[in-house]
């Protein structure tokens, strides 16, 4: 691929009829108004298709565009003829569109953020995926890899190009592995799904990116609705395969109207490309990373500059049931309340990419005091309506899988993870069990233990059992002063062991669910102060205290390299329940010995793949 000599912004072909009829609402629209609005109906919001040139002009900063020449591969490998020779169809498409193929590759910037983009054009044989398109998409990936620049794919396709036979099919694998190389290199990839995106494109590079953005009403799928209805006679629901349907079912991350695409994409690119720097570290207490109290750990102090209480004697000695009552108050700030006050450039990501978007779990990217972070948390609500809509803050298996997906993105991009926990526990019930609730929780525990980035967890309200722990395998585990954290709810424990749910206060005391007891036991590393009367009395003060605690914890962890972070985190949890010699420390975790060398040209990954295959 070579860059064209021109660096001028492509002229958008805004020529249109004086008046036209909207395909969405069938109303008459003044053509120039329609063009000025990005080809979006001002009456109903219907988004018309754009050419690749129009799309590039819409998205990239003026003066930043450098179109990359893409070589045209074998034009007609099968000498294919149906009602018309394929070679004739190619010539006609090139003449009518002015393009050599169904994709345009360019470098540029979006609100100052560098990006490599590949933009498909549906006018060219329905945006079908053939060898030339596959080569262009792969070439764009290779440019992004070589220049370590985020990749933006704008898709519009009816599927594979049948006239190229199995060669077209191979482009799915070719482009998929190119995306995989960007994953390995830690480079952000984003898809913008436009209408329509189907077949081989949908089942390869379009849906393999880190973030999937869709325009309103855009359709995405493997088999089209007509194919499904005709082959298996299945009745499909209204809105099937639209962006809105797919958002509800966890396939796309967000829907962005065309007028908001540039700021939406710029937020994503900005967070992903400006990595957090190191920060001054609070002097440690001399312990090594191996016991989970490495550099920057200040749990021996009563207070740090972050305001976190680390000495249980400085916390009020009260009955734990008081904390239970305060932790459950509906007025307490929720995860989204804290995010709204603390996180700049917030972009929420949706869905587990499988079937669901659990409303009880929120996750996304943003900045905390300028530091790019990933924030994940359970969300309850403040009213009965909100609680019901959010499943009472009890995540489904899909919620935990959504959290895991975003944690993996954090690991890929090298971003710290913050989790905010306020849940009575994982959602119980038939559907949760059918979908593998236990497996989802277990997989999160394993995943978090090995994340190569700083992880800070805060129990802000209720920390209920494994459903809370699935977000709390962290380098620093904090809790708010009036939060609780327990293996079971006090009422549940009372019902089982006391045979009387009314014995909840007794169970709370026996379980030691309060911050003072948990800090003394080392379950949490520090306690975030709350205003007198609770966080709901003065949410601003509670937010300020949480900000100080989070920024302090991240500053402590920022200088640590990935192996140290992982070793320290594993050591932290390794020591729980481990008998220690009198006056001595708990056993250090076992560090695997170096693997023996392999033959020339082979890697351990090759060996592992071979074992799995066998």
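Just so you know, glycine gets a Cβ as well, placed from its N, Cα and C.
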Quiz item: Out of 22-44, 45-67, which range is noted as zinc finger by Swiss-Prot?
Solution: 22-44
Exercise. Run through the Cβ atoms and count how many others sit within 10 Å of the one on residue 44 (Zn(2+) binding site).
Key: 14
Self-check item: residue 41 (Zn(2+) binding site), number of other Cβ atoms within 10 Å
Solution: 20
Practice problem: Would you list, in sequence order, the residues of this chain other than 22, 25, 41, 44 that have their CB within 8 A of the centroid of the site's CB atoms, where the site is the one recorded for Zn(2+)? | Solution: 23, 24, 26, 27, 29, 42, 43, 45, 46
Quiz item: Can you tell which of the binding-site residues (22, 25) has the fewest other C-beta atoms within 10 angstroms of its C-beta?
Solution: 25
